[in-house]
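The region 'Disordered' annotation in TrEMBL covers 1-27, 327-363. Per TrEMBL, domain 'EamA' is recorded for 36-171, 182-311. Summarising the annotation, TrEMBL assigns transmembrane segment to 37-55, 67-87, 99-119, 131-149, 156-172, 178-194, 206-226, 238-259, 271-289, 295-316. Residues or ranges marked as compositional bias 'Low complexity' in TrEMBL: 333-344. What TrEMBL records for 349-363 is compositional bias 'Basic residues'.
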Amino acid sequence: MGDRATDPAGEFGAPSVTPEPVAVPDGQADRRASRRGLAAAIGAYVFWGLVPLFWPLLDRSGAVELLAHRIVWAFVLALLIALLVARRELRRTLGSPRALLLLALASVVISVNWGTYIWAVTHEQVVQASLGYYINPILSILAGVLVLGERLSVPQWVAVGLAAAAVVVLTVDYGRPPWVSLILAASFATYGVCKKFTDADPIVTLVIESGFVLLPSIGYLVWLGLQGRGTFGALGTGYSLLLVVSGVITVAPLLGFAYAATRLGLSTMGLAQYLAPTLQFVLGVWWFGEPMGTARWIGFGLVWLALLVLTVGALLPAPRVRLRAADHASGHDGTTAGPPTRGPGDPGRRRRTDRHRRRSADG
């Protein structure tokens with residue numbers, strides 16, 4: 001998600017058509033790429049935000065069965081796309097033991113994340129699920145401190161403190177910690193750390209991650225079928241098609257996110273990420289009618305304040321740090337690291353040069 005870049009193979013690897021050369025200013029091309037990237041980012045996060053409307057359609061299946069179907073059909077669709085547009089990248093990643101180890105860990109934590117989310121949405125816990133994705137950026141910061149040895153800025157410390165206070169308030173209100181929120185946030189933060197060390201295309205990593213848990217998922221679905229408890233094929237064609245669509249809703253927004261990430265800066269993507277939990281929160285409160293007492297509003301208010309502090313701190317320019325060692329080496333700090341040197345414009349040097357020229361002329 002760094003600097004903007006264009007996709008030389010066309011959008012998501014589709015065959016690109018080379019038109020007649022047209023003189024287009026670089027700035028105009030960048031603006032067009034940014035607009036397309038912004039549209040893709042908004043589309044992806046809105047899609048994720050509206051996903052709670054989908055899972056209740058499959059309420060006749062258990063959460064574990066839905067997770068298994070999601071893994072199987074996401075693997076099938078992602079593999080087809082990867083074979084079409086990222087075959088070389090897939091082969092390269094499969095040949096890297098380090099990448100495979102990281103993706104194996106990632107597959108476990110993302111499965112926990114997916115399963116928890118499905119359970120939450122199908123058990124009237126959409127608001128708690130939205131809280132998990134609100135506090136995910138803050139837990140990701142803590143993961144950076146604990147795993148990567150990063151140092152927190154003042155706004156980040158303030159955000160962490162506010163988020164911790166919010167968890168305390170919500171724990172008192174619920175009578176227990178908001179486990180759904182904490183599991184979602186912690187699993188996704190861990191997933192982010194794994195992906196940070198994996199330099200691979202998102203669709204390729206999805207293939208490999210789902211591939212690691214594919215056989216257990218298929219085994220579980222077969223076992224359910226033998227027990228007469230499986231819902232695929234037992235509840236009509238329409239219901240079975242919805243189970244297949246669970247793979248589509250996993251892959252489709254990921255493609256939009258990947259497209260946007262190469263065309264937008266970190267700050268824009270960072271702001272766009274709050275669309276998904278905001279839509280989930282709105283759905284939970286006003287569509288599904290989940291209760292929001294005063295304490296919960298206070299808890300969410302603290303989280304929103306933490307995110308505001310975090311966002312403003314990220315958008316402000318970093319303070320300039322004076323590099324004393326560099327200043328000392330260059331003599332800019334009033335001292336010198338070695339013998340004083342004089343440049344061509346130095347008055348003393350000019351006087352010596354003039355005397356040398358006069359002596360040469362006299363001689």
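Including glycine, each Cβ sits where the backbone N, Cα and C put it.
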Checklist entry - Based on Cβ pairs under 8 Å, which of the stretches 37-55, 67-87, 99-119, 271-289, 295-316 lies most in contact with the transmembrane segment (206-226)? => result 67-87
Next on the checklist: Which residues of the chain, 6 or more past the ends of the transmembrane segment (271-289), have a CB below 8 A from one of its CBs?
Outcome noted: 38, 41-42, 45-46, 48-53, 124, 126-127, 129-134, 137, 260, 264, 300, 307, 311
Checklist entry - For the transmembrane segment (37-55), which recorded stretch in the set 67-87, 99-119, 131-149, 238-259 gives the largest number of Cβ pairs separated by under 8 Å? => result 238-259
Next on the checklist: Let me check one thing: do the transmembrane segment (99-119) and the transmembrane segment (131-149) come into contact, meaning three or more Cβ pairs under 8 Å with sequence separation of at least 6?
Outcome noted: no
Checklist entry - Who are the long-range neighbours of the transmembrane segment (131-149) in its own chain, taking Cβ under 8 Å and residues 6 or more past its ends? => result 156, 159-160, 163, 166-167, 170, 178, 180-186, 188-190, 192-193, 196, 270, 273-274, 276-277, 280-281, 299-300, 303-304, 306-307, 310
Checklist entry - Which listed range (67-87, 156-172, 295-316) shows the maximal number of Cβ pairs under 8 Å with respect to the transmembrane segment (238-259)? => result 67-87
Checklist outcome for this item: Long-range Cβ contacts under 8 Å made by the transmembrane segment (156-172), restricted to residues 6 or more beyond its ends, are 131, 135, 138, 141-142, 178, 181-182, 295-296, 298-300, 302-303, 305-307, 309-310, 313
Checklist entry - Where DSSP helix means H, G or I and strand means E or B, what are the helix, strand and coil counts for the domain 'EamA' (36-171)? => result 120 helix, 0 strand, 16 coil
